[in-house]
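For B:Cys357, B:Cys417, B:Cys420, the entry in TrEMBL reads [4Fe-4S] cluster binding site. TrEMBL lists B:426-453 with the feature region 'Disordered'.
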Amino acid sequence: MEPFTTHTGIGVPLRRSNVDTDQIIPAVYLKRVTRTGFEDGLFSAWRQHEDFILNREPYKRGTVLVAGPDFGTGSSREHAVWALMDYGFRVVISSRFADIFRGNSAKQGLLAAQVAQDDVELLWKLLENQPGTEVTVDLRERTVQAADLTVPFQIDDYTRWRLLEGLDDIGLTLRHEAEISAYEAARPSRMPTTVQL
Amino acid sequence: MAPTTTRPRTLAEKVWDDHLVRKGEDGEPDLIYIDLHLVHEVTSPQAFDGLRLAGRKVRRPDLTVATEDHNVPTIDTELPIADPVSRTQVETLRRNCAEFGVPLYPMNHAEQGIVHVVGPQLGLTQPGMTVVCGDSHTSTHGAFGAMAFGIGTSEVEHVLATQTLPLRPFRTMAINVNSEDGRLRPGVTSKDVILAIIAKIGTGGGQGHVLEYRGNVIDNLSMEARMTICNMSIEAGARAGMIAPDETTFAYLKGRERAPKGADWDAAVEAWRQLRTDEGAQFDREVDIDADELTPFVTWGTNPGQGLPLSERVPDPADFADENERVAAERALEYMDLEPGTPLRDIKIDTVFVGSCTNGRIEDLRSVAEILDGRKVADGVRMLIVPGSMRVRAQAEAEGLDKIFTAAGAEWRSAGCSMCLGMNPDTLSPGERSASTSNRNFEGRQGKGGRTHLVSPLVAAATAVRGTLSSPEDLS
């Protein structure tokens, strides 16, 4: 995973709450067995409407999505994160993220920055009144800055550290292999197995 | 393993403590052992690819099991899958399972079915276990007092490689469901209970929490009804839903293939009896539901929190105080093509879908058959009945339910996720309106442009007969 320190790109105001992962990428796009090429599925139903924000210049070149509360609800599909990243997004800003989506983002290096709803409203107004405004998201300082507006965002310390370092979770866990083996040795033998013995 | 503590703990905390491989230090997450990893074709290919690239193997294939469910057609299952992309995904799963030694229930196998129906019916899901799957409805298994939750593909790879997950403790929320006599009113099911809970706490209300469903109504529910409730915990934003195991749980498990036998059974039951929230344990939040007030519940909008009793009318967005909710309601009514003030009972339905990991079990099918027996599906209405597993299908046929369904004019299908998410050919057409026993009414969930009303199996059956959203009491 690429380390993430700061990112600057065009901000996209998405004035919708409860953006579920079926909207981010409908199930029909989940049939691929590869890990790339999901950008065409991103918001595919909404993108069929000409006036959808991502169909308009300069927003279509955006890399920082500013959405309403409860972003990423519903299905656990990590394809939602892949689709956002394949399209070019590096940061999603919302006042509240669904748990699984937030976790999936952290695994892929997409920054899910939690910003107070009042500040989201300020960002929306700014990005709508001045299309093409670049937003700078600084993970070290935990700030979102656009024009003369600077607002803080929240992210837990561990996820921040992993993103800053670009660390792979499996590698981190395997440092504790001895503890996993010790735990396994102590599991009751009556626990079920999936293989018919 | 379990720390020696006298502090009263919740059920969720007990299961967590029992699976602690390593307590996180300096802000690290805890490392939690996973007892059962369920796999299906949609969220696993990139995870197996990741293992191959890193030269890793599956650490515990004996704690992993796969089934084909999301993509599989529910008719002509002997033929090759017509959609080449779906076929590739299913074939990829078969290759991956063969290469990594993971047991698989493929299409047409007697044990094939929706992953969350298969685990419990084999007795693989047991109290106190940790269960994960790359599918958000993994919360279903919490009905057994297991801690079960959905994960993304990176986490699937992580569990395949290490049989653990780095996790932070979840907060806990008690959902107390009580009624005067501990029963639900006639025509009210556990589906109505969970839809009412989600409408009450909202789609983000459970965020970061494990919900524990408690109270005399929960105590009296069957295992299958409990699974329906836990299944939709994710629609309230929760990571998991749990119900403490009791005699109902033990009776369901006893004798199942993978349940403990003999002395192991006795030891297991003794251990399972400890899996209760201690007297005096503190939940981070508590919510009370008065089940005497519950009536059949349906959704009118495009998220599962947008629901109301069937006796109500389509709401007016202007009545929502919260700006975001008002905008969401306006958008939902536009998508659903509904007018404020319309009685929900007047909404005409094109398709009725009975099935899914929410309501695709034998009791669900029995309750539908009871309504359909001697009646006909209304003219112009298509009704699909899709069993949750091949075993449910066989059981239904042994009881003659399939005859009732087909005599009524419904279509009787093979097992799979089917129209719950329309990855197979079972989809709604643009503008088509369904009453569905599934779990999500998101825009386009059942097919592009399709409009979904979430309902119980009883409401689904009555709606099929009348052609408009109905409950059994509307049938003469």
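Positions of Cβ are set from backbone N, Cα and C atoms, glycine also.
The residues of the region 'Disordered' (B:426-453), classed with DSSP into helix (H, G, I), strand (E, B) and coil, number 0 helix, 7 strand, 21 coil. Listed in sequence order, the residues of the same chain lying 6 or more apart from B:Cys357 ([4Fe-4S] cluster binding site) and placing their CB within less than 8 Å of its CB are B:Ile114, B:Val115, B:His116, B:Val117, B:His137, B:Thr140, B:Asn231, B:Gly388, B:Cys417, B:Cys420, B:Asn439. Within its own chain, the region 'Disordered' (B:426-453) is flanked in space by residues 73-74, 137, 191, 231-232, 235, 298-304, 306, 335-337, 347-360, 364, 384, 386, 413, 418-420, 459-460, 463-464, 469, which lie at least six positions past its ends and keep a Cβ under 8 Å from the stretch. Neighbouring residues of the recorded [4Fe-4S] cluster site, listed in sequence order and excluding B:Cys357, B:Cys417, B:Cys420, comprise B:Asp69, B:His70, B:Ile114, B:His116, B:His137, B:Gly355, B:Ser356, B:Thr358, B:Gly360, B:Gly388, B:Gly416, B:Ser418, B:Leu421, B:Ser438, B:Asn439 (Cβ within 8 Å of the Cβ centroid). In the shown protein chains, 32 other C-beta atoms lie within 10 A of the C-beta of B:Cys417 ([4Fe-4S] cluster binding site).
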